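Structure, as structure tokens:
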Amino acid sequence: MESFALHSLSTTATSASFSHHPSRQSLLRRISSRSPPSSISLRSHSVKPLAFPLLKPIHRFCTRIAAAPRDDSPPPPPTPPSESPSPQPPQGAKLVPLILSLSVGLILRFAVSVPEGVTPQGWQLLSIFLSTIAGLVLSPLPVGAWAFIGLTASIVTRTLSFSAAFSAFTSEVIWLIVISFFFARGFVKTGLGDRIATYFVKWLGKSTLGLSYGLTLSEALIAPAMPSTTARAGGIFLPIIKSLSLSAGSKPGDPSSRKLGSYLIQSQFQCAGNSSALFLTAAAQNLLCLKLAEELGVVIANPWVSWFKAASLPAIISLLCTPLILYKLYPPETKDTPDAPGIAALKLKQMGPVTKNEWIMVGTMLLAVTLWICGETLGIPSVVAAMIGLSILLLLGVLNWDDCLSEKSAWDTLAWFAVLVGMAGQLTNLGVVSWMSDCVAKALQSLSLSWPAAFCLLQAAYFFIHYLFASQTGHVGALFSAFLAMNIAAGVPGILAALALAYNTNLFGALTHYSSGQAAVYYGAGYVDLPDVFKIGFVMATINAIIWGVVGTFWWKFLGLY
């Protein structure tokens, strides 16, 4: 630095003294004209002579010479061509899925005669409904947009009145789902979910198996108050798993992934379905299932408690068995993780003490869950309990209205879910569902199947057809009502059929890498190869079916469901 300063000073002094000699002005002009424009910055050192008044005229003269246009100066560098704007994503509907989705309804409406026992209005609504369902599967547009188009079609064709088409937007269950998304945002925003999971890692994380159980139990604890498996996966558990795996030298997309990361990802992924099946409010699709069941006349009294009692034993056994089974089928290379509790303790230290907002979140959720359990006795519906909880969070500043507005998944679910529920209800009112049930009942009677055999066959078909779906809620909207109607027509007790289909809706979320939102989150982490996802998904689906089938048979008989 010192030599650079001396060089700068000597350069300035030399240029100043050189400019004192008029006989050398021409040489100075030639030197200036040969300097590229960028060399003007080198003359910044000539600011120093301004401290000497006698040198100011010379400085101005040299500056004018440098700035004057010159014939022999090199041409300015060519202006780089402006970058072409990045291509915009395709707008509007995808042509092929659009044609296929519309064709389903048009063929049914105009190429198939209206069967006996169904009104023309009901048949037309069925064609619109099937086109809407086809669009949910083929995705010519986002789900909410396509559902809105289906709703519009039902009104424009005068199949439904405006009030009938929008009747489901006042459904208590739908608004309970929307508010549940806001609760999930509160868990992520306050960091409460992250803190709870980290505590379990600290307590149980000395071995890889213990670490897996700690993460599994923490998700089961959080699930009833955070009804989004995708939010739990992406907002809480995947960041913890990645941090622990990297600290153990287990990297994604690398052979070292089998050290720890692959096992933890698979274990958490497979256990998530059982955590969601354990509580009514652990997943949005659970509430959707009960609402659709009500449309078919299957009403479950005290739904939160009834759901938990029926799911508790098979779900808890599956939660306890899954990490151990995967520990044998898909073993991690690292068996012990002595550093994990220390990492968790350090993270808790960095997080600091429990904040005021976290305590408010804890108290609010305890209040909401208590009201969900005791609501029927107190005369407080589940949706009102959720509204009370959300109001507390808003009043105390844990959430603000912008948080609610930015929760796009909640409003999107409100839009398309209400459309499907409304159409399904109108199909029931118009007698279409009862006609379909009668047709299925006659077909099953011709096969001479007992109701337990029909129950097993229909449940298996409902489960494995999910290989064709990329959304659990989409699957429910498309097939739940039809399969429940088929179960009832075959003589299966309504509550048993509805709950079994709803539990399966959670369990098939771990079949593939596209079978649910959390599937995409965990697979995207890069720790699990695609063949392993399909293999483990099928094996664990079979194991879960055995556990739920065997344990559920005796447990549900004990509870009086059949």
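Note that Cβ sites are derived from N, Cα and C of the backbone, with glycine treated the same way.
Listed in TrEMBL for this protein:
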| type | residues | note |
| --- | --- | --- |
| REGION | 15-43 | region 'Disordered' |
| REGION | 67-91 | region 'Disordered' |
| COMPBIAS | 74-90 | compositional bias 'Pro residues' |
| TRANSMEM | 95-112 | transmembrane segment |
| TRANSMEM | 124-148 | transmembrane segment |
| TRANSMEM | 160-184 | transmembrane segment |
| TRANSMEM | 357-373 | transmembrane segment |
| TRANSMEM | 379-401 | transmembrane segment |
| TRANSMEM | 413-437 | transmembrane segment |
| TRANSMEM | 449-469 | transmembrane segment |
| TRANSMEM | 476-503 | transmembrane segment |
| TRANSMEM | 536-556 | transmembrane segment |
Among 124-148, 379-401, 413-437, 536-556, point out the range having the most Cβ pairs under 8 angstroms from the transmembrane segment (160-184).
413-437
Using Cβ distances below 8 Å and needing 3 or more such pairs, separated by at least 6 in sequence, tell me whether the transmembrane segment (449-469) contacts the transmembrane segment (95-112).
no
Let me check one thing: do the transmembrane segment (413-437) and the transmembrane segment (95-112) come into contact, meaning three or more Cβ pairs under 8 Å with sequence separation of at least 6?
no
Quick one: do the transmembrane segment (476-503) and the transmembrane segment (124-148) have at least 3 Cβ pairs under 8 Å, skipping pairs fewer than 6 apart in sequence?
yes
